[in-house]
Amino acid sequence: MSNSTASFAGDLFTSLSEGELASILRAYATSGPDVGNLLQFVNSTRPDLLEPEDPAGYIRYSILVVLAILTSTTVLVALIVVFGTHSASDYETYKKAARELDQSVSWIEKWKDTDDGVGYSSLCIKSHGEELRSAKSLEHKLALLRQILVTGFAGIGTDEYLFSKSFLGTKECITEFYELVADTIDELTAHLKTEDSKKNDSIEKHLYSEFLNDIMLTFGQPALCLSGGGMMALMHFGIVETMIEQGCLPKVICGTSGGSVVAAYLCTHTDEELPSIVKPEVVQPKWTPCNDSWWTCIRRFFRTGYMFDPTPWHDLLAEWLGDRDITFLEAFQRTNRVLVLTCSSNSSTGGEPLLLHYRSAPNVLIRSAVLCSSAMPYLLPPQPLLVKDPETGEISQYTGGGAFASDNSYFMDGSLQADTPQQGLGEMFHAHVFITSQVFLKEDLRKNARLVSELELLPQHYSADWSRLFLQTFDGNITVTPPTLKLW
């Protein structure tokens, strides 16, 4: 089904409550693709939606009829469910609705309960699960966990099929296996914290510590990548707030362009501060980088070649970060989170994208790095990096050489070369799992941009290769996108 049809159907069902959606879903899922049945239940639940004298009601009625005729039960049910769960305001509400909707569709529940081994090795899961349950000694449990905790064990996690058939979770046998492994690790951790363990055996602690180090090397750590996207970067706060509530915000956070502002905000505030300051009512009043009128911006563009003046942004970023002159190293020492910002060289010869973090740029001011990462051609001029002397506190402009060498000392928007720099994050911080919050580019735009690039129709302005903006990799192992991006 086309995106436009799905969007049309989504608009139809947006106003339905969770209970109303569930009622319609159950009725339609059990009765089969019967147009009369569907219309009857919608009419009895929300008659105002199908008011024949209302032009909008007539259109909704027609949409329902067309959808019911042209689609299977599964597709129409999926449309109702997907757009219903999108109205959830938090993850717990979504989980509750998704679980209920899974239970409402008989074939989804049957698929979850059936141990068919499609896409994974059910025999491997069962045998390792039984052995893990019966294991008594620490050495035996750790040996089994080493076999289990590897990438792609038994096919789990490598086949999207297992995680795309239901609205919540996957096969019950896989879910139970995950829970068993997590419970075993929790039991071992709790045991080693007991007084008896502290008194008796330091060998156990050494074995467990060695096991954890090995697993970290195998799996690496997760990294959260926040894409560019201008004002749409505000949407990043949705996933960030949920991750904080669930206690799973990664320690490595990378931001580019608009995403760099959000990443810097997260990495300069402590775990205790974050829950209260990522709320929309707190964030939105602070997000005011472009207060000039359109007329002022247009006049400035014809006068300077850029729409915005970067000077007031330093004061705005100082308020945003809570400390005007905080550096990458100081932010890491304060929050224990790794901030990684990307920017592009303003070199006429190109060059690799720069990854700024507490190791490569310990004394660089974060506000200057955010401005460099956000300096999109035509919007903001290329910006200098500012460095603070760790002994005197004196601020000076970076003048070239070292890791950031180029034919000048000005840098611009990181999206031009590395919107989500996964390779660099993997090499620097052993990050293997990338969670990407992507608010920038749709696939059809990438396809058109690829054609323009191959035909060499895209000019180079301000020493920027604009084709890389469109043709780089934008997704991660987990990619989260807003439900609708009407401009894209």
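Yeah, the Cβs are placed from backbone N, Cα and C, and that goes for glycine too.
Pulled from TrEMBL:
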- Ser257: active site, nucleophile (ACT_SITE)
- Asp413: active site, proton acceptor (ACT_SITE)
- 224-426: domain 'PNPLA' (DOMAIN)
- 255-259: motif 'GXSXG' (MOTIF)
- 58-83: transmembrane segment (TRANSMEM)
If you average the pLDDT over the motif 'GXSXG' (255-259), what number do you get? 88
Can you tell me the three-state DSSP label for Ser257 (active site, nucleophile)? coil
10 Å Cβ neighbour count around Ser257 (active site, nucleophile)? 28
